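Listed in Swiss-Prot:
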type	residues	note
BINDING	Gln85, Gly103, Glu104, Gly105, Lys106, Thr107, Asp493	ATP binding site
BINDING	Cys821, Cys823, Cys832, His833	Zn(2+) binding site
COMPBIAS	780-790	compositional bias 'Basic and acidic residues'
COMPBIAS	791-809	compositional bias 'Polar residues'
COMPBIAS	827-839	compositional bias 'Basic residues'
REGION	780-839	region 'Disordered'
Amino acid sequence: MANILRKVIENDKGELRKLEKIAKKVESYADQMASLSDRDLQGKTLEFKERYQKGETLEQLLPEAFAVVREAAKRVLGLFPYRVQIMGGIVLHNGDVPEMRTGEGKTLTATMPVYLNAIAGEGVHVITVNEYLSTRDATEMGEVYSWLGLSVGINLAAKSPAEKREAYNCDITYSTNSEVGFDYLRDNMVVRQEDMVQRPLNFALVDEVDSVLIDEARTPLIVSGAVSSETNQLYIRADMFVKTLTSVDYVIDVPTKTIGLSDSGIDKAESYFNLSNLYDIENVALTHFIDNALRANYIMLLDIDYVVSEDGEILIVDQFTGRTMEGRRFSDGLHQAIEAKEGVRIQEESKTSASITYQNMFRMYKKLAGMTGTAKTEEEEFREVYNMRIIPIPTNRPIARIDHTDLLYPTLESKFRAVVEDVKTRHAKGQPILVGTVAVETSDLISRKLVEAGIPHEVLNAKNHFKEAQIIMNAGQRGAVTIATNMAGRGTDIKLGEGVRELGGLCVIGTERHESRRIDNQLRGRSGRQGDPGESQFYLSLEDDLMRRFGSDRIKAFLDRMKLDEEDTVIKSGMLGRQVESAQKRVEGNNYDTRKQVLQYDDVMREQREIIYANRRDVITANRDLGPEIKAMIKRTIDRAVDAHARSNRKDAIDAIVTFARTSLVPEESVSAKELRGLKDDQIKEKLYQRALAIYDQQLSKLRDQEAIIEFQKVLILMIVDNKWTEHIDALDQLRNAVGLRGYAQNNPVVEYQAEGFKMFQDMIGAIEFDVTRTMMKAQIHEQERERASQRATTAAPQNIQSQQSANTDDLPKVERNEACPCGSGKKFKNCHGRKSFS
């Protein structure tokens, strides 16, 4: 163990020697930069950009660029970065994490790598934990960047898409971690390229990186919308409709357990829902409801595929074991359709439209770096998950803070009495005190006790970032007493007031140990900034959460041996510190394992999300005919339909293929079983494909120009992809909950999730291509379709399920009722645009 520790220390020292060598080179330019006029110094930015364009790397530009920023900061802000800050800046540029103590000037340190990377012109994102810090840092440090000719933007949640786009197009963009993540998700939900706000993700520099990438790693960002009561009504209406059908109105393919409406069923659907054409692009959502209602009523069997529990819940039956599968729901809306069929309550759920974890969000940047004062304890996680090293940077001045040994009390009450007594004693002499708690409830409890003791104080609990920053700035003044939860005021320095140094500086009192050593170190680090004097003291009790869960038995036994069980007994021992640290390491290990598992699950979705988003972005940005892509989908859909019956009885197979072709591909009278008999599967595929191509060309000929064709193709694909992807995310969530239970059966849930998730993804791709094919082949296209569909696609979900076609029958030529409708739908005039005339 000692050898490993020695090796780590030597590696750190070697890294620091390299950094110091580069830092000295930066410092060697100081006199040269100081001699330049403001105009010449500002002109360096354009010079660097030109040199970069000609082939110089950012690493080659680093010494001069850092020197320019140092001189600019001195002229604009009156601040001149120290050598240790230069070293920290180099670490950031390398895509690592410099561990810099509180008060060592991390914000100023960041200006150098931010400026250097902005020269590339691909955008730099400076990420903070709240909007107060984004606004503050962008305003203060933005003066330096603006002076040097770079543009600076602030991305706030309240900004409009146009304002966000402007902020992201700046050389440097300040934003919170959550807003960057949500903007990424929203960008992958729009249907027009001009509605996107972000550029490709280039370089992110994350302030308080441990908070963002470690503490919040388990919480995914989710864009969701509540499923409306109107949606539930559509499940019920679709169910009522399919219950009116007879066996001639639908066709079941037994081997594949699929079902579709026959021509008579389509006619009934159009009549029931008052539509001119069921397969118009505007009715994609409705056809989805009808498909599910058909499956629920005529494919899914009560007491075989599912059961209804006594409390009215639909439970899936495992086909292999015959047992019900608790917690599982059929995906893609089928479960709700069965609930409608059985007349039980349709469970309203918020539907996730998009989600991502911070882990996978920030791993998408070409380069990622971060700053914090406390990260060394999480070094393994940073290295394994983010490929980032933790480089401890020496302080500019030696640390003068005194860290006292922990004090342990038998009960919470005796501990809090001791805390109040300590505060009272220190307050009497004017020493400022920061009392740190792990929960808002504890803050309120301490506050009440201080009120009873007559001690004036401020309470912070991370609710108002702007107000708390002002309070925390004054926490170092003589006589100040401040109570704060762990994260409150983080990012704001506590500067000592006049005469406070002589009183011992700021005293930090911890009311219990946090699960993470890193959080405790952050609290300690609020005191003793830049060589200031200070103190820290932690108060513990056997009733603290950490002590109850880990290690308290040994300490209790120690107390029993010492016969120190009185209420106000206190113990102070090195053994106590070792026990607490051991408990914290165990909790940290458990939390790391949890975060690692979250990442393993999200990696499955990440791969699928990247495929969907990349294809989606390709569609949005395309200025070309998407015909080749759609034709490929049609070809694969036909191939799947034919292959699904390869092992069936030949007559049954031909009948099923004809049914597929008639319901999803071509007009009913244009294909028959007779012409397909005697053909091999490959010949059938080719014949159906050529027929489909003819229909495809016929469909697009109804649009006036190439622009209209491209717009129609885009909307067709995007509406179906978004609908299926949303359903797929929901299905993956349900799968994840279900496979977690399988861990009890000695199965690896992550492996099962990966295998089943991949199969579900393949099924979703097939469903997308089938819906695109069916809608393309069966949609009644007219010129107004383009505008209507485009407008609809900009909303979160298609709403106009019951809208009618606006074609005017007066404009059509005189047609007999049983003749083909001139609109090109392939239907009889009486069942299409002639319906109103003959009703």
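From the backbone N, Cα and C atoms, a Cβ is placed for every residue, glycine too.
Listed binding-site residues: Glu104, Asp493; maximum Cβ neighbour count within 10 Å falls on Glu104.
Its own atom aside, the Cβ of Gly105 (ATP binding site) has 19 Cβ atoms within 10 angstroms in the protein chains shown. The record assigns Gln85, Gly103, Glu104, Gly105, Lys106, Thr107, Asp493 to the ATP binding site, and the maximum Cα to Cα distance across that set is 16 Å. In the three-state DSSP scheme, Glu104 (ATP binding site) is classed as coil. Working note on the binding-site residues Gln85, Thr107: by count of other C-beta atoms within 10 Å of each C-beta, Gln85 ranks first.
All protein chains shown were included, and the count of other CB atoms within 10 Å of the CB of Gly103 (ATP binding site) stands at 21.
Sequence-distant neighbours of Lys106 (ATP binding site) (same chain, 6+ apart, CB under 8 A from its CB) are Gly88, Met100, Asp207, Met371, Thr372, Gly373. Same-chain residues with CB within 8 A of the center of the Gln85, Gly103, Glu104, Gly105, Lys106, Thr107, Asp493 CB atoms, the ATP site residues themselves not counted, are Met100, Thr102, Leu108, Thr109.
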